[in-house]
Amino acid sequence: SGESGAGKTESTKLLLQHIMSLCKGNSQLEQQILQVNPLLEAFGNAQTVMNDNSSRFGKYIQLRFQENTVQGAKLSEYLLEKSRVVQQDTGERNFHIFYYMFAGLSSEQKEMYGLLDPSFYRYISGRFGTQEVAERWKHKYQEVCNALDMVGFQEQEQVDMQAILAGVLSLGNVTFEPEESNGSVKVSEASQGWLKAAAVSHKKCQQKLYGYDALSHCLLSCCCCSLCADARDSIAKVAYGRVFGWIVCKINELLAENVDPEVELREIGILDIFGFENFAVNRFEQLCINLANEQLQHFFNHHIFQLEQAAYKEEGLPWETITFNNNEPILNLLLAKPLGLLSLLDEQSAFPQATDKTFVDKLNSSFKGNLHFQPARGRVLGFSIIHYAGKVQYAAKGFLEKNRDTLPANVRGLFISSVTPLLIPLHIHHKPRHSLARVRCGHEALLWFNGLLMFLCPCQHSLMVLMERMYSANPHFVRCIKPNREREPGVLDNQVVLLQLRYNGLLETIRIRRDGFSWRPSFEEFAER
């Protein structure tokens, strides 16, 4: 764990390499496990203002061992930030893969996929990069192609995948205007070509992605331009999410262990989660990410302080209790039923007349006087949460829409009837979705875990399953510390480091390690010795 840009993903890669070199087992499997990283980073990472290679999803890697040899591995992903496909803030980029494609595809391949100059595309903000950056992206694109081959994607599957990504970019340029004669909505004349490019995909595709008529009808069945634009963005996000899910499924097929089911395997799991974020503008996604980090901080406190000190007291040891910064009140503010922030968000999402403003008004009245909540000043539509890592101001615009996560029925139908198998979703559920608080397993269900309500969807691992697994395991914590805010190598800013040591509880951890008992053999081990 650690802030965004503190080095979690790089540390995870080093830890994987270290474990692989120690176990000296199936060398081909070990190489495959290490080589899937470029693929995951290309499709799941992006440049943010805090980090040039920021993980926009959480991943949990399970390494399975038999007699100290790695026999297989499984990757679980959750909470992919799909909204990034259709919108990025100033100084940020879309997922890496879009830029790699522009840099790495030949002129003939670009023509085949219907790709024009990157400056034309709204979903990548019309921005590209310097010649030096483009060369680096070209090399990265080759790495991705090599990884796709290694994971087992057939040539046609790779073509279809890139056709979908090109189609997503074209779809983003489709705009709408009122039909003057009858008051309905039509695709603007200027973007008719983009609509055709999005639907037909590319010259070598065995089939069309959606079909022009089906896509056009789907987009235009809404009653106003803004709703049509929402439907367009929904299609783009779902299509990208399907591609990402497909990649993870193929990786897991490749890495699955080939051993007798009766054989008991031991396991090491490595969690690489998105770091705590505090941007100039913080949205619904940042709240979800920061809630996940609050959960992990609570898990850390539980193990390092509560369980350890309880063990000393149980043993009757003379011990002076070490106090720590308990973030339970913040979790209660966010997750309590029925008056926690996410419960109130669900309640407001259920009312068709509710708006982001009525939601904020509800928060202001419900949390008046709460030490971890601050209303926004003036006419700003938002609120602040005092997290364990500091104060974060959230812009409330879009909270209800993102929590509802609605996909119009006609858009669902478009994917279900798609002639490209990749685009047919296994399940599409559409109910309010603060992604860290509701559970769905094929049917609607609510589950409580450790006093907290959690979310699970069929295609993604939730924090509930993850935390359950972690509470039953023997955890080791790797705390990544960001040395400076300027992303400069070799520079250590004392104040920046000290702030992180304090809010992570590491000063108290040092004290409990110094005053406590770091090595605790069982009575049997001790007696035998």
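Even glycines carry a Cβ here, placed using N, Cα and C.
Unlike curated entries, TrEMBL annotations are predicted automatically.
TrEMBL lists GLY2, GLU3, SER4, GLY5, ALA6, GLY7, LYS8, THR9 with the feature ATP binding site. What TrEMBL records for 1-529 is domain 'Myosin motor'. Annotation comment: TrEMBL describes 463-485 as region 'Actin-binding'.
Here the features listed in TrEMBL are placed on the structure.
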residue: GLY2; record: ATP binding site; Cβ neighbours (10 Å): 20
residue: GLU3; record: ATP binding site; Cβ neighbours (10 Å): 24
residue: SER4; record: ATP binding site; Cβ neighbours (10 Å): 21
residue: GLY5; record: ATP binding site; Cβ neighbours (10 Å): 21
residue: ALA6; record: ATP binding site; Cβ neighbours (10 Å): 20
residue: GLY7; record: ATP binding site; Cβ neighbours (10 Å): 17
residue: LYS8; record: ATP binding site; Cβ neighbours (10 Å): 23
residue: THR9; record: ATP binding site; Cβ neighbours (10 Å): 24
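Note: the ATP site is recorded as GLY2, GLU3, SER4, GLY5, ALA6, GLY7, LYS8, THR9; in the same chain, ASN51, GLY275, CYS480, LYS482 also have Cβ atoms within 8 Å of that site's Cβ centroid. Remark: secondary structure over the region 'Actin-binding' (463-485) totals 9 helix, 0 strand, 14 coil, with classes taken from DSSP.
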